[in-house]
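Trainee: Supplied in structure tokens, the structure appears directly below.
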Amino acid sequence: MNPQAKLIFALSLTLGTTLTISSNHWIMAWTGLEINTLAILPLISKSHHPRAIEAATKYFLVQAAASALVLFSSMTNAWHTGQWDITQLSHPTSCLILTVALAMKLGLVPFHFWFPEVLQGSSLIVGLLLSTLMKFPPITLLYLTSPSLKPSILTTMAILSAALGGWMGLNQTQTRKILAFSSISHLGWMAIIIAYSPKLALLNFYLYTLMTAAVFLSLNSIKALKLSTLMTTWTKTPSLNAILLLTLLSLAGLPPLTGFLPKWLIIQELTKQEVALAATIIALLSLLGLFFYLRLAYCATITLPPHTTNHMKQWYNTKPTNTMVAVLTTMSLMLLPISPIILAVV
């Protein structure tokens, strides 16, 4: 793709995200979401492969429907209350429609079907954008409207997302689909806490973005799109594979790594809010996710493929790892000890 075109799309994504997260008016927020959608579509379909075109089409249809629902929800609220302010969402029908719209935007169950397919049709870098940057505006809208939304609906969606994200990820062999179901599972953790402690949901999103970026960039460095490719990459970058193992365990939420921090705080907050049953269920469902993270980690570092002759051997590569990967992986592993400082800042 032309560098000038890439620059225009990157600037459009920045503009759309900034517009949505900084606006008070529903029309401005909706405009930002539309700019984002239109800017990411050429990046998804740039390879001109039928699967990429299909992914772009699916993404466009789902996001257009969700944006229409956001607009419909805000107009219904304005019709009944005369308010266009995002934080003044008070009409019950508007709140319900907005919950559905943002669930579609984010890929929460039961509106998750598009996300794994779109991620599978995209490159790893575009997949990283879809899993992190593109989810920031809807999460911000969810944060701003969280006092008006029904905790029961969000909790139900969250538990279903954690269950389905874990369950569907067990059977996958494509790394992008595994990371898509991982994203759905993590969104469940954000959705369950946003009604009780919106700041905690944002902290979870920031740390999830950090760890997911580290995993995507590591996989992009070793060009691993399938588990079978991941099995042979130890000869190419052994040190990066070892770090990838720890980053995946952090994403699974194992102590003493960074990923344990949001899960620990969310379970603590849910217990304080007297929804210990939901906390127990979602904690148990995270074990499903742990299984496929361990599977990825096992493939990356511990095992060899059963038929090594079928795979092209890759020469040991002494090229230095990208600095961004090094910084992100370090942060993905070592932020738990400074959690008091993080909590003081948030």
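Every residue gets a Cβ built from N, Cα and C, even glycine.
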Trainee: Please find, within the list 12-31, 152-171, the residue stretch that TrEMBL describes as transmembrane segment.
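Mentor: In TrEMBL, the transmembrane segment feature sits at 152-171.
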Trainee: Which of these ranges is annotated transmembrane segment in TrEMBL: 55-77, 124-146?
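Mentor: Checked against TrEMBL: transmembrane segment maps to 124-146.
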Trainee: Out of 178-197, 203-222, 243-265, 277-304, which stretch touches the transmembrane segment (124-146) the most, going by CB pairs under 8 Å?
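Mentor: The stretch I would name here is 203-222.
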Trainee: Six or more residues beyond either end and a Cβ under 8 Å away: which residues meet both conditions relative to the transmembrane segment (203-222)?
Mentor: 124-125, 127-128, 131-132, 135-136, 139, 175, 179, 182-183, 186, 189-190, 193, 230, 233, 236-237, 240-241, 243-244, 247-248, 250-251, 258-259, 261-262, 265-266, 321-322, 324-325, 328-329, 331-332, 335, 342-343, 346
